[in-house]
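If you look up TrEMBL, you'll see B:15-36, B:42-62, B:74-94, B:135-156, B:162-183, B:190-207, B:272-293, B:305-332, B:338-359 marked as transmembrane segment.
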Amino acid sequence: MKINFRRLIPQAHTTSGTLRNSFDRRSLVVGSVQGGIGVLLAARMGYLAVFENEKYKLKAESNRVNLSLIPPRRGWILDRHGTPLASNRADFRVDIIPERMVQGDNTIARLGQLLSLSPIDMQDLHDKLDKAHGFAPVEVASGLDWERFAAVSVRLPDLPGVVTQRGFSRHYPTGPAVGHLLGYVGTASAEDYEKDRDPLLITPGYKVGKDGLEKVFEKQLRGKPGARRVEVTASGRIVRDLDTREDVQGKTIKLTIDAGLQDYAARRIGPESGAVVVMDCHNGDILAMASMPSFDPNSFSDGIGRLEWKMLSDDDHVPLRNKVLRGLYPPGSTVKPMVALSFLEAGLDPEESTICNGGLRVGNRVFHCWNRRGHGRVNMAKGIYQSCDVYFYYFAQKMGMDIIAAMARRLGLGQEFDLPVVGQSYGTVPDPAWKLKKYGREWQTFDTVNATIGQGYFLVNPLQQAVMASRIASGRQLMPRLLYSDKPSMAPSLGFPQEHLDYVHKAMSDVVNGPGTAHRAALPIPDVLLAGKTGTAQVVGLNVSSGKGGLWKYRDHGHFICFAPFDKPRYACAVLIEHGGGSGAAYPIARDVMTYLWDKQKAMDTLLEFEKQWGGTAQQRLDARYRTYSAQYGVNAPAVSPEEEKAKVRQAEDTQDEPQPIVSDAQSPAPEPVAPATPAPTPSPDGADNAGGTAQ
Amino acid sequence: MTPSVVPEAVSRQPWMMLVPLFGLVVLGAAVLYSAAGGHLQPYAFSHVLRFLIFLVMAIVISRLSRNFFRMAAYPVYGGIVALLVLVELIGAVGGGSQRWLNLGFMTLQPSELMKPAIVLVLARFYETLPPPMTASLRGLVPAGVLIAIPAVLVILQPDLGTALAICFGGAVTMFLAGLPLWWFVSAGTAALIAAPIAFFTLLHDYQRNRVMTFLDPESDPLGTGYHITQSKIAIGSGGIFGKGFGNGTQSHLQYLPEAHTDFVFATMAEEWGFLGGLFVLFVFAVILTWGMNVARQAPDRFSSLLAAGMAATIFFYVAINLMMVMGLAPVVGIPLPFMSHGGTSMLTNMICVGIMMAVNRWNQRPSSFS
C-alpha cells in the first residue's frame, strides 16, 4: 500500500513543467558527475605522470633496455715458443635457456630441423636438457656456419628461450695430444653457480675450466666480461645497440711445454697405452708430458655425449686417466742406476763384483736373474748395462734397504711436486719402517730383493721417473715446472761426487751404445749419445703369465728412462708403455722423441711411417673410432647417469689409494730370450720390439 | 541583419565546440602518425580523412528536421535490431562469434550504431508518453524492453563493453526523462547485489580474467595484466611534458598493446605528458558541456533528451576508456572518441555530434517550421 501511495503522489503532479524542471536539475547532476569523473581522471593522471613518474620511467627503461653480458675471451695457453696450445676461435653458437622455453618439444624439433642436427646430436641435446637446471643455458650447437646461424637468428621471435650468439669458443689445435695436460672447458655446473652467484656463469657461451690446467688457472684465464646494452622490442627483437663495454681477455699462460714435442710424443705412443715425459736437465722445465689414449678436449666443451662416453668406458686403456700423474707402476729395472748411486755413496767400490749364475741363493731360496743362463762376473757397470738382477740382489743384502729408499726419495720417487695440476698420485717407496707401519710386518729379504729391481711394493708415476732421470743426469735437485720463466734457475746440487755421476752415466750410455740391453735406442744423430735404462715390470706372477704376450692386461709394463747427450746432459725423458710386454715397447718411443729434439725431420719421417700402419694420427684415429661407434650404435648407446660418470672418473683418478696386495715372495723376473746384438729395425705396429734388444 | 563576410551557413556552426574538436582530431592524428613510426600510413591519414567525411555527414544530419528525427526514431531502431539479429545469425551459421557485417566497401558494427539509436528511440518514447504516466510502469516497462532487446543481443556476441554503453545511454536518458529517483536507487542496489552473482555465472572466462586482473594487475604482469601494466608505464613515464613527439618507447617498441586503438591515450600521454592529457580532458569537457547546454536550451522534451543522451553516450566512451588506460577500470574494448583509430567508433561519435548540432540548430530557430 505504501508503494502505491508514493507512486500516486508524484503522478498527480507530473506535468510538462515539472518534467522540464526535473530535467534541468538532473542534467545538472549528470553534468556534475561527468565533471567529477573528469577531475578524478585528471588527478589520476597527475598521480601517475607526476608523483610516480620516476618509478614508471625506470620501468619503461627496463622494458626498453636489455643488458646482456659478453662472455670474456679466455686467456690463451702458449707453449715455450709462443705457439698456442689453447686459443679461441670466433664462432656462431645457439643455446637454449630451458626456463624460457614455451613449447619446449616444438622448439627443439624446429631447432633440430634448422640446424640439421643428426639423431645422435638430438639425443645428446635431450640428455643435456634432462639434466639441466632451468636457468642455466644448454648448448645446442657451436661452430655453426653463417647460413644455419642466420636461419635460427631470423626465427628467434618464434623460438622463445633460444639464444643465438657470436662469440668465441675454445680451440685446442693439437686436440687429444693436450687433453690430459690442459684439460677442457665446459658450461658451469649447477654446483658452481650455487657457490658463486655470478650471473656470468649462466650466460650462454660462457665456459669454465673443467680439468687440467684450464681448471687450475681458471682465475687467471677467466678475464672480465663485457656488457652490451641494447634496445629491444616487446618480442625481443634488437632495435639498436646503445653501448657496449668490451670484455677484458683473460691472462695468457705460458708453459714450459714445447708444442711440437708434446704433439709428437703423444702421436708417437700410437695405439699403445702409455705416457712420455721430457724434461730439461738445466732447469727442470717439462717440455712434454703426454698421456695416451686421450680424449679430444675440443669435442668435450659441449658436454660429453652418450657415444663419446661409451667410447671412453669401453676402452680398457683408461683414456680418462692422466697416466703421467695418476698412473702408478712398479718401476722395474729403471731404479737400478738410482740403486747404484746409493751404493756408491755408501762407499761400495764399483769394481767390487759378484758372480751371476742366473740366480742368487739366499738361505734355501733362489732369486732368479732375468737371464737364467747367468751373466758371469758382474761389476756395477755391467750390473747396470746388462741389468743383472743378481748383482743388485747380492749387494742390496750387504748395503741395506734404508740407503736405497733414501736415495729413491732424494731422486724424486714417491714425491709429490709443486705443480699446477689437479692431482698427483705419488706412489710408494717401500722401506722397513713403511712396511711395519702399513702392514705391521717385518721387512723380509725378499722385500729387499723385490725393491732393488723395482718390484714388490714399489710404485712410481712416469713424472717421477723423468725427474729421477734428470736428477741422475744433472746431479742437481731439479724440480719439474710447467710455468715458463725467463729467469735461469739453478737447482741446488744433490751433492754427488762427479765421478759417481760419470760412472753411472757411462754405464747408462753402455745400455744403449755399448754391450747393454737397448741397442736400438741409439739416436740416429751423430755425436749425440743417449744414456738410458730399460725396465720391465711384471704385473702378475709367473704362474699366471710370462708377461710377454697373451692377455693385454697381464703383459708386463715397459719402461725406459734416458737422457742425452750422456756426457753433457741436456734433456731427460721417461717413457712408460702400460702392458707393453716389456721395455722393448718403450725405448723406441724414447729414441724417436729424443731424436725430435735434435732433428725434427728425421723424427717426423719415422712417425709418419708408423702412422701409415696405425691409420692416421691420434686425432684421425679418434675420429674414425667415433664414426664406427655412431654407425654401430647410433642412438642406442645407453644413457649415463651423473653418478656413473663420477664413479668412472674417480676410478681413473684415485690410483694412490688402491689397495696393494701383501707381497709374500720374491717377484723374480721372467726369463728373457737373449737375442743377437743388433737386430734389423722393423717397426711393428705394436711398438713391441721385444724380439730385439732384450730388456730387463 | 548586418551583412557579414562570413556566409551564414558557416557562421551559425557551433565553432566554440568544433574548434577544440578539430584540435583533438589533429592531436589524435599526430599520435597515430607517431605510432606508425613517423608515417601517415596506415593510421593518421585515414583518421583525418574519416573525420572529414563524417564531419560532412554530421553537418548533413544537423540540417535534418526535428520531425524527420521523430519519424525515423522507431524505424531506425527496428532496423538496427534487425541487423543485430542478422549478425547473430551469420555468427551462428559461420560457427563463431561475429560483431560486424561486411558491406563490401566497409565493415559495419551494428551494435555501435545502437548507441545513438537507443537514445533517439527513448527520447521519442518519452516525448510521446503523457507526462503523468512518467512515474508509472507505463513509463518504465516499454523503455526497459527497448534497452533490453539490443543489450541482450550485443551481450550474446559477446561484447560486454558495447552492451554496457547501450544500457548507460538508455539509463541516463531515462534518468533525465524524470523517472522517479528511488527506482534508480533500488536498481543500483539490485545491480550491486547482482553483480557478484553475474560475475561468477554469466561472464565469460576472458571477461572474468580481465576483471580479476584489473583488481590486481601485478599478479600476472605478462598475461592479462600486461595491458594495464604497460599502459600505466607509458602514462607514468611521460611525466609532465612527455618524452617528445616520436620518442615514445613503450609504443614504438610494441610494449604497449593496441597503441593506436584502445590505448591511444597512453601512446599520447607518453609523448605529450600530463599537459597533453589535460588538453584531451579539456576538449572533452568543452564538447560535453556544450552538449549539455544545448540540451538545457532545447525547446522541447524530445530535443533535450536527445542532446543530453548523445552527450552521455560520448561521455561513457571517454570515461571508460580513460579509466581503463589509467588502471581504474577493467580492460574493455572501448576506444577513445576522436583519437582512436577506427571507422565505426568515429562514425558513432560523429553521429552523436551531428545530432547535438541539429538540436543546437533547432535552438537557434525556435520559431522555425520544423
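Cβ coordinates are placed from backbone N, Cα and C, and glycine is handled just like the others.
Simply put, out of B:15-36, B:135-156, B:162-183, B:305-332, B:338-359, B:135-156 has the most Cβ pairs sitting under 8 Å from the transmembrane segment (B:74-94). When the stretches B:42-62, B:162-183, B:272-293, B:305-332, B:338-359 are ranked by Cβ pairs under 8 Å to the transmembrane segment (B:15-36), first place goes to B:272-293.
Between the transmembrane segment (B:42-62) and the stretches B:135-156, B:272-293, B:338-359, it is B:338-359 that has the most C-beta pairs under 8 angstroms.
Sequence-distant contacts of the transmembrane segment (B:162-183) (same chain, at least 6 residues past either end, Cβ-Cβ under 8 Å): 111-112, 114-116, 118-119, 122-123, 126, 134-135, 139-140, 143, 146-147, 150-151, 154-155, 295, 301, 304-305, 308-309, 312-313, 316-317, 320, 332, 334. Proximity of distant same-chain residues to the transmembrane segment (B:135-156), defined by a Cβ-Cβ separation under 8 Å and at least 6 residues beyond the stretch ends, is recorded for 77, 80-81, 84-85, 88, 111, 114, 117-118, 121-122, 125-126, 129, 162-163, 166-167, 170-171, 174, 177-180, 183.
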